[in-house]
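K.L.:
The structure's right below; bear with me while I get my questions together.
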Amino acid sequence: MSSQKKVSSGNTTPSGLAGLASPLNDQQINLLQQISDLSPQQLAWVSGYFWGLSQSAAPSAVTPIAQAVSAVAAKPAGKLTIIFASQTGNAKGVAEALEQEAKAEGIAVQLFDASDYKGKNLANETHVIIVASTNGEGEAPDNAIELHEFLQSKKAPKLPNLQYGVIGLGDSSYEFFCQTGKDFDSYLAKLGATPFIERVDCDVDYDASAAQWRKQALEKVKDALSAGVEADVVQLPVAQLAAGHALYTKQKPYAATLLTSQKITGRDSGKDVRHVEIDLAGSGITYQPGDALGVWFENSGELANQVLAKVGLSGVESVDVDGESLSIHSALVSKFEITSSNPQQVEKFAQLSGSKKLLKLVEEKDKLREYAGNTQLVDLLAEKQTKLTAEELVGLLRRLTPRLYSIASSQTEVDEEVHLTVGLVEYDVKGEKRFGGASGYLAQRLEEGEQVKVFVENNNNFKLPADDNVPVIMVGPGTGIAPFRSFIQERDNRGAEGKNWLFFGDRTFTQDFLYQVEWQKYLKSGLLTKLDVAFSRDQAEKVYVQQRILENAAQVWQWIQEGAYLYVCGDANRMAKDVHQAFVAVAEQEGKMSRGDAEEFINDLRKAKRYQRDVY
């Protein structure tokens, strides 16, 4: 692992040395001036460091520079260390908000990406907060795999002096809800650390619960972790502390313009996949290949009417949402999730309706999760006709959350645009069509020229290698092809010399070969070194991308030995697992390893960020 580094630091005015009686020579003063732009919190930390040196050394050994720094920042202070384990950026966003709020309270704080934090350093900490999302089936996010494993190992230090807090982010629709947060809580406790606040497990609509927990956590540590700078400490407002962060965020999205939503699957395809282009002109928004675009959407007004009819409401009834009075119809369209359900929602409605079917289902957790994952709200309400008040209906609902789409373009190619590859979620329930919320909005309801609220979600866990000479292997069936379109555009415009190999799969060659003309162009030019496709329904026996990887095992292994980076994007439940096992099989077969050693080899590639996944 590279040397530990901070993600960010505070912004404040430099502290001058004028007026200090200096025992330093000119060279030492010049050196000291290099710390003049540190924030009060950073100066407090430096002060503590030199104070520690002065306590461990004889009085005559105390250096003049330590004396000078102590004059600038009078006393040492404790600090709050925040570590985020994030896959898509949500945990990072919560951690950054916590960092800003801590600074506003005068608390010395430092923020780390989990991949940049050395676990052994926990022994030197006094107060740590871990913000953790969960990936796949209870797995740690890619950036936290090493820390997660370290804390379970025999190398992990005892932590009797550490106080900690954990906030988990997840989706209660899944079995392993907030599992990574639960893991970190358990591991730290077993190592002797003490929680200063109870862990919170936040659901999909986490903003309010996360904000409340952050406030409570800072109240508990504020007295112990004041900044410790007695003179000229300026308390900056949160808005100033956030300087340098993105102009547009989840909370403050940009009103972009839809340029086009074009179907790119064939007329006879069983899928409706759209190439979506959005205009960002004048916004100043930038993004990198591998990032995601957050899209805020509105629900279908027609679907809202169907929901209201199921519970006996007209739509004009008023409800209060964040202090704003809205009609229940408007609230369903713009404020709440109505194209999905979740286990808690099913349980609440079972109790309200008295449905025997649902009450029995609630007792069987696996079946409950499966039902909730495949049932829209309107179909849940149809299980038993039940009259509800507007407030009771709202009490069933989650807040609307934006959807994240892997960006399918590079700004080196498209400038002030962003492209997406959107698969329309579409299915029948008892003869009635059901559509996904965001995909239905982008593919059907939003007209060209209309505005759509968006923001960029950086994904540092899915990035091209910095060295343009490094080969890359990309596996992206279906709409998982999206980020690789951005990768290839980027490498093309950078003049990258590294080899590029794409594995793509879908149902049929004639109807579902997404961006076929572009891939053939890149293949002809030589930018795309190799293209292997798997169309599952073009022959009697289905073929998938993992089989193509195994068929090319010797060459895949050769590329890996040449330093190739591996990228996988798409379905997490089956495809990503099967592709992972294919890579393990390649290492076992071609590397002449045991199965266990092959697993370890592939996992080591992940830790080294040579094997990156964007799966969902």
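The backbone N, Cα and C atoms fix where each Cβ goes, and this holds for glycine too.
Since we're looking at a predicted model, the values are computed, not measured.
From Swiss-Prot, for reference:
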- 86-91, 133-136, 169-178: FMN binding site (BINDING)
- THR339, GLY373, 403-406, 421-423, TYR427, 436-439, TYR616: FAD binding site (BINDING)
- SER536, ARG537, LYS542, VAL543, TYR544, VAL545, GLN546, ASP578: NADP(+) binding site (BINDING)
- 80-218: domain 'Flavodoxin-like' (DOMAIN)
- 251-465: domain 'FAD-binding FR-type' (DOMAIN)
K.L.:
Would you identify which of the binding-site residues SER133, THR421, GLN546 has the most other C-beta atoms lying within 10 angstroms of its C-beta?
P.N.:
SER133
K.L.:
Tell me, how many other CB atoms lie within 10 A of the CB of VAL543 (NADP(+) binding site), whichever protein chain they belong to?
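P.N.:
VAL543 (NADP(+) binding site): 16 neighbouring Cβ atoms within 10 Å.
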K.L.:
Taking the Cα atoms as reference points, how far is GLY89 (FMN binding site) from ARG403 (FAD binding site) in Å?
P.N.:
12
K.L.:
From the DSSP assignment alone, can you count helix, strand and coil residues within the domain 'Flavodoxin-like' (80-218)?
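P.N.:
For the domain 'Flavodoxin-like' (80-218), the helix, strand and coil counts are 57 helix, 33 strand, 49 coil.
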K.L.:
At a 10 A cut-off on CB-CB distances, which of the binding-site residues ARG403, ARG537, LYS542 has the highest count?
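P.N.:
By the 10 Å Cβ neighbour count, ARG403 comes out on top.
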K.L.:
Given the binding-site residues PHE177, GLY436, ALA438, find the one whose Cα is closest in space to the Cα of SER536 (NADP(+) binding site).
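P.N.:
Checked the binding-site residues PHE177, GLY436, ALA438; minimum Cα distance to SER536 (NADP(+) binding site) goes to GLY436.
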K.L.:
Just give me the nearest neighbour of ASP578 (NADP(+) binding site) among the binding-site residues SER133, GLY136, ASP171, ALA438, Cα to Cα.
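P.N.:
It is GLY136, whose Cα lies nearest.
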K.L.:
Find the longest CA to CA distance in the recorded NADP(+)-binding set SER536, ARG537, LYS542, VAL543, TYR544, VAL545, GLN546, ASP578; express it in Å as a whole number.
P.N.:
18
K.L.:
Cα-Cα separation of SER86 (FMN binding site) and TYR616 (FAD binding site), in Å?
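P.N.:
Between the alpha carbons of SER86 (FMN binding site) and TYR616 (FAD binding site) there are 14 Å.
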K.L.:
Using DSSP reduced to three states, classify ASP578 (NADP(+) binding site) as helix, strand or coil.
P.N.:
helix
K.L.:
Report the same-chain neighbours of ALA438 (FAD binding site): residues 6+ apart in sequence with Cβ closer than 8 Å to its Cβ, ordered by sequence.
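P.N.:
ALA438 (FAD binding site) has long-range Cβ partners VAL295, PHE297, PRO402, ARG403, TYR405, VAL422.
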K.L.:
Just to confirm: which same-chain residues, 6+ apart in sequence, have a Cβ under 8 Å from the Cβ of TYR174 (FMN binding site)?
P.N.:
THR134, GLU137, ARG369
K.L.:
Whole-number Å only: compute the distance from the Cα of THR421 (FAD binding site) to the Cα of VAL545 (NADP(+) binding site).
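P.N.:
A Cα-Cα distance of 19 Å.
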